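Undergrad: Could you have a look at this structure, given as structure tokens, before my questions?
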Amino acid sequence: MKVLAPGYLAEASLTALASGCQALSTRPYVPRGYSLSRRNDSTPIYKDASYCIDERVDDLLARMTIEEKAGQLFHTRLMDGPLDDEGSGNNAHNSTSNMIGEKHMTHFNLASDITNATETAEFINRIQELALQTRLGIPVTVSTDPRHSFTENVGTGFKAGVFSQWPESIGLAALRDPYVVRKFAEVAKEEYIAVGIRAALHPQVDLSTEPRWARISNTWGENSTLTSELLVEYIKGFQGDKLGPQSVKTVTKHFPGGGPVENGEDSHFAYGKNQTYPGNNLEEHLKPFKAAIAAGATEIMPYYSRPIGTEYEPVAFSFNKRIVTELLRNELGFDGIVLTDWGLITDGYIAGQYMPARAWGVENLTELQRAARILDAGCDQFGGEERPELIVQLVQEGIISEDRIDVSVRRLLKEKFVLGLFDNPFVDAEAAGRVVGNDYFVRLGREAQRRSYTLLSNNEDIVPLKKIEKSTKFYIEGFNASFIESWNYTVVDSPEEAEYALLRYNAPYEPRPGGFEANMHAGSLAFNDTEKARQAKIYSAVPTIVDIVMDRPAVIPEIIEQAKAVFASYGSDSNAFLDVVFGVSAPEGKLPFDLPSSMEAVEAQMEDVPFDTRNPVFKFGHGLSYANPCASSSSKCS
């Protein structure tokens, strides 16, 4: 089934001109009550699609003031709602109309849930109308963090809402099927384009070599070869073989690999600012980025962290010229856009929590000096900031040349032309409601949820539960009784009353304070002693089947030992769990990382070295199947 992106036609093509340039030929969708200006003798070159893209960029750049150029270098959040809304208190912000009309900004990250595709498309169309009313009419590029799975944490991702719902990236890695990854990316692209989103702030290709890190669920696991293989399909699914009007551009992150954070703490926070390489293994973490560049990655984002104990200066990667210019651009040959992670210049708030600027290693620099340092490092655009006046000041004071600004602005404008935004930035809002979350897309997501389940243990082949009576009684935790009752089984109040127990648990973590920080699952990977004792009573009372949501590699040897069967899942609903338990679907997943045997083993392993944990309970690649329960290298089956 092929669903065309609203506002664009399948026959849209790139026409080669005699000059060797490429000109864009499209038949635009235009919202009712609005018209795109027609070409005439006075049409500027940059608005004339018969010219090649490089000529159009040159023409536009020559017309821009330094203030208009400065606005292009900023990419910040966009909140759904009135365009003149400025928020209040800790959520105060410049209004959208101010950022577009006064600050000349044209890159925004949609930072709110999408609950109605048509309304979101209409909202983005209104933003494009506002942008076209400015002096030069530069269209807006709207981006998003991942929003096709189960994670809800402003700053890292959103639940699917009206979009089709799939496993997290770590679940696609468990499935190990390049075709499914490509299909996911193509579906997500169609749904993004339908509402007007043209930039994906993903994939996250960090290697999960530090199992305590809070951001593993959006990675592809611990293995660089598997990560590299799958990310190629991911990028090509979003962008196509070449970036164009049918593409959603991707932002590959977090260079040079965000996984080896010291003690597993995340560098959003000052206590997690260090990235360490005790195994001298930086090269391993670069492999996915090399694959991404070869696959056509057009934009790369460095992480917040600062390297310690290496040949590099211990300053955050976006401030680090040897990382951005010498390593990424010169050594790896990347000539695309480098977008910083969010909030490196200005202190601010995320989810109501105060967050100092993540200027690790250069905290003592002024905001102006930080901006200059980032540009000098080789970055093009400031994420999560809305401070064009700093760029204007840098140029006016002779600290940064306007020619240097032009280098980055040229990259950013060219991307807009390649995406076709200058020729038609609008989408068909009514069609968006038909494309987003359509039955076919939803079915594909549900199939992937079920297939990605990983069967870790299956004592006495207890699963699938196929030959049980309708009078069977279940004790459950972690999901609503209505899911079981829809199968016409009975839910009871205690394990002692039940014939089976079905438990769904999140992987263990230590709760943290704060609005944003509280959503980051960090700290210990093991349940505390009180919780272990509570669970043990269930396992001793009734045959128990456990599903652990593996957003991180859980330390659960006691559950493997005591429960009858244990699954790992990576983003799935309760219907998917029950379909796998009752044999409607079969688990096909393989572990995308090692499962450590203890926290002592976790603490002893080197942060930058994959598969460095001592005596893992299960190794990378473990996964049983219903057809052949011992189809793995696990000693449990020997």
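Each residue, glycine too, has its Cβ placed from N, Cα and C.
Below are the features listed in Swiss-Prot for this protein:
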SIGNAL    1-18  signal peptide
CARBOHYD  ASN40  N-linked glycosylation site
CARBOHYD  ASN94  N-linked glycosylation site
CARBOHYD  ASN116  N-linked glycosylation site
CARBOHYD  ASN223  N-linked glycosylation site
CARBOHYD  ASN274  N-linked glycosylation site
ACT_SITE  ASP341  active site
CARBOHYD  ASN364  N-linked glycosylation site
CARBOHYD  ASN480  N-linked glycosylation site
CARBOHYD  ASN488  N-linked glycosylation site
CARBOHYD  ASN528  N-linked glycosylation site
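Give me the structural setting of these features: burial, nearby parts and distances.
TA: The Cβ neighbour count for ASN94 (N-linked glycosylation site), using a 10 Å radius over every protein chain in view, is 15. According to DSSP, ASN94 (N-linked glycosylation site) is assigned to coil rather than to any helix or strand.
Secondary structure at ASN116 (N-linked glycosylation site), as computed by DSSP, is coil. Sequence-distant neighbours of ASN116 (N-linked glycosylation site) (same chain, 6+ residues apart, CB-CB distance under 8 A): VAL162, GLY433.
Around the Cβ of ASN223 (N-linked glycosylation site), a 10 Å sphere holds 21 further Cβ atoms from the protein chains shown.
In the three-state DSSP scheme, ASN274 (N-linked glycosylation site) is classed as strand. The Cβ of ASN274 (N-linked glycosylation site) has 20 neighbouring Cβ atoms from other residues within 10 Å, across all protein chains displayed.
Secondary structure from DSSP puts ASP341 (active site) in a beta strand. Cβ neighbour count for ASP341 (active site) (all protein chains, 10 Å cutoff from its Cβ): 25.
In this structure, ASN364 (N-linked glycosylation site) belongs to neither helix nor strand by DSSP; it is coil. The Cβ of ASN364 (N-linked glycosylation site) lies under 8 Å from no Cβ of any same-chain residue at least six residues away in sequence.
All chains included, 10 other C-beta atoms sit within 10 angstroms of the C-beta of ASN480 (N-linked glycosylation site).
Annotation note: ASN488 (N-linked glycosylation site) sits in a coil segment as assigned by DSSP.
The DSSP secondary structure for ASN528 (N-linked glycosylation site) is coil.
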Undergrad: How many Å separate the Cα atoms of ASN274 (N-linked glycosylation site) and ASN94 (N-linked glycosylation site)?
TA: 32
Undergrad: Within 10 Å of the Cβ of ASN488 (N-linked glycosylation site), how many other Cβ atoms can you find? Include all protein chains, please.
TA: 9
Undergrad: Round to the nearest Å and give the CA-to-CA distance linking ASN223 (N-linked glycosylation site) with ASP341 (active site).
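TA: Between the alpha carbons of ASN223 (N-linked glycosylation site) and ASP341 (active site) there are 24 Å.
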Undergrad: Measuring Cα to Cα, how many Å separate ASN480 (N-linked glycosylation site) from ASN94 (N-linked glycosylation site)?
TA: 42
Undergrad: What is the interatomic distance between the Cα atoms of ASN94 (N-linked glycosylation site) and ASN528 (N-linked glycosylation site), given in whole Å?
TA: 44
Undergrad: Sequence gap of 6 or more, C-beta under 8 Å: which same-chain residues meet both conditions with respect to ASN528 (N-linked glycosylation site)?
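TA: Listed in sequence order: PRO508.
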